[in-house]
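Below is one structure, written out as structure tokens, with a few remarks after it.
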Amino acid sequence: MYSQNSKTIVGLAAVLVLVFLIYLPVRNGGLVWDDFAIFVHRPWLYSTDGWSQFLFHQYSEWRFYFRPLVDMLFIAQARVFDGVPGPIHLVSLALQLMNVTLVVLLARRIYLHQGQDGILLPLFAGVFYGLHPMLVETVAWISCQFDQVQVLFALLGLLFSLSIPNRWMRAGVVSTCFLFSALSKESAVLYPVLVVLFDWLLRSDRNQALLRRLTKLVRENWPVYVGLIFTGIAYLVLRTAVMGSLLGAAAQDNQMTTGELADEISFVYLRYWMVILGIPVELSPVHPVETMVFGQDNGVMAARLLACLALCCFGLLAFTRRFAFTGAIVIAATVYLFPALGFVVGHFDGSLYHERYATGAIAVTAALIPGAFAEWRPFLVKANLLRKLLPALAALWVAWAILNVRVTIPLWSNDLMLWRWASEVHPDSGMVKSNLIHQLTTQGHHVEAEIEVSRVLATGMDCPRCLVNGMFLAVNQGNVGLADQLNARLRPYADQQDDRLPHALYLLYDGYLDMREGEIDSATMKIQAALQQDPDLSFGQVILTEALVLLGRTAEASASAKQAESLMTYPPTRARVREVLERILNGERIYSTAMEEGPVTVHP
């Protein structure tokens, strides 16, 4: 006969193989969205020096994020794998498998505490997390390694907290896990509450009176709690010192009334519970909650607030009665979600709602499932039909989750697929439309890109970035009429100094237009003005090189070429950049051909 530990190991291995095989297609994925900011548009990342100064601040121009631990992981992956996305995706998959392992081990310990020696429910907890239909983004998008590493150290800390008998050693290890979790992502800010919650469930005597139980828990574990408090203070001090303030550059203004804010928070909170339960309300890379109007419909607002209140009351009531683990699911998930609900003034993202923000909440929910099931077992014994249906329902859920994961992974495989998907869900989003136009252009789908730009012009969409991206398309394709239309639409934004207009890009593409129309002096001035505003515009340095060559300013052209090469160090494209620059320095006209000659087909 095999021991339960042996069965657990074999079962865990089977779960890991299942998750690995289902997610293996991510290895064929490319870079998407913020991945480019992390791995492509950072020339210092692949140089031998200079990168260390960015480790603690402004790694990806996210001036309100302080995540040096995962920043180090990104730097290591970029340098080891030369920025090639395939191996980096496998690192994300490895992190997912590690978290699945920790969920199973934590669930197993909870189940044993409940007097249950079975392994099926702890294994199901691992499957619930590993194949959760709303967490595809977390595995398929490299940038979500922030979430994965944060959850990894959080789960590791909870497991150590329940496993190390010596309280002083436990205090040091758990505090270290808290620090590493917080240095991975800010959502770990309330992690100490989770530690106390799990201690209350598994380290205290539920038969004692409330005050006596609490007093004993604190007396026996106070070094851990004090360590967590001091670790939290140290983290906040370090964050403030590095960022210049506690919230960094997060927007502080909030024009919402109390009622509107309460309505928004309740909407987001309920939406996150749908995510935790795996209800696919809207699977999409973007969720423009900021464009929604809250606090206008009193009936809807009251219903949302009452639903939130009922859910929280249910959790607290269950926690204080005989269904402590059931109530703990509500409490633990709420604690994890709290930083993303908008209580703190200043948003760290354009939207409060993204599926990835629920990664930790789903992990602790999964780990607590066996404990909650054990509480309801006496009732399930009496409900004979339901008890027999549960295995079939679980199998159906797993099958549906597998199908969902395999269908969604390709949508995250490259930026063009991603923004086409987002555009189908949010066709009126300017951010989505501008990214779609950009990707269609850069990946050679010029006819489709022109159709999208024409729609923006025809509908009068207020999206200056869409127009700027369309400007590059029009100039690059030699479409004089479209370029003139876009220029006419863009000029008022420029005259009014509209903050939504990427002024440097507008100047750059206007200069590019002048180059193709033979006005080299004017083009040079505009391109140089663009580079003064944003010196990191690598394409600007490339076309400036050609303009300077045409003007006979060879020394300046050589300097501009060197600057362009220093900005375009991404290993997969570095050789092509050098080739294009050499051709330009040798006198070949690439970006200054006449508009009438048609598209420019050479790009670094």
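Just so you know, glycine gets a Cβ as well, placed from its N, Cα and C.
The transmembrane segment annotation in TrEMBL covers 9-26 (among others).
TrEMBL lists 88-107 (among others) with the feature transmembrane segment.
Annotation comment: TrEMBL describes 119-142 (among others) as transmembrane segment. Long-range contacts of the transmembrane segment (119-142) within its own chain (CB-CB distance under 8 A, at least 6 residues past either end) are made by residues 4, 7-8, 11-12, 14-16, 18-19, 22-23, 26, 29, 31-33, 35, 38-39, 85, 88-89, 92-93, 96-97, 99-101, 103-105, 107-108, 111, 148, 275-276, 278, 280, 283, 285, 354-356, 358-359, 362-363, 365-367, 369-370, 373, 394, 398, 400-402, 404-405, 408-409, 412-413.
The transmembrane segment annotation in TrEMBL covers 148-165 (among others).
Feature annotation from TrEMBL assigns transmembrane segment to 222-249 (among others).
Annotation source TrEMBL lists transmembrane segment at 301-319 (among others).
The transmembrane segment annotation in TrEMBL covers 326-345 (among others).
The transmembrane segment annotation in TrEMBL covers 357-373 (among others). Away from its own ends, the transmembrane segment (357-373) comes close to residues 99, 103, 106-108, 110-111, 113-114, 116, 121-122, 124-126, 128-129, 132, 134-135, 138, 144, 147-148, 150-151, 154-155, 158, 187-188, 194, 201, 272, 275-276, 323, 325-326, 328-329, 332-334, 336-337, 340 of its chain (Cβ-Cβ under 8 Å, at least six residues beyond either end).
If one looks beyond the transmembrane segment (88-107) by at least 6 residues along the same chain, the residues whose Cβ comes under 8 Å of a Cβ in the stretch are 8, 12, 15-16, 19-20, 23-24, 26-27, 29, 39, 73, 77, 81, 121-123, 125-126, 129-130, 138-142, 144-145, 148-149, 151-152, 155-156, 158-159, 162, 363, 366-371.
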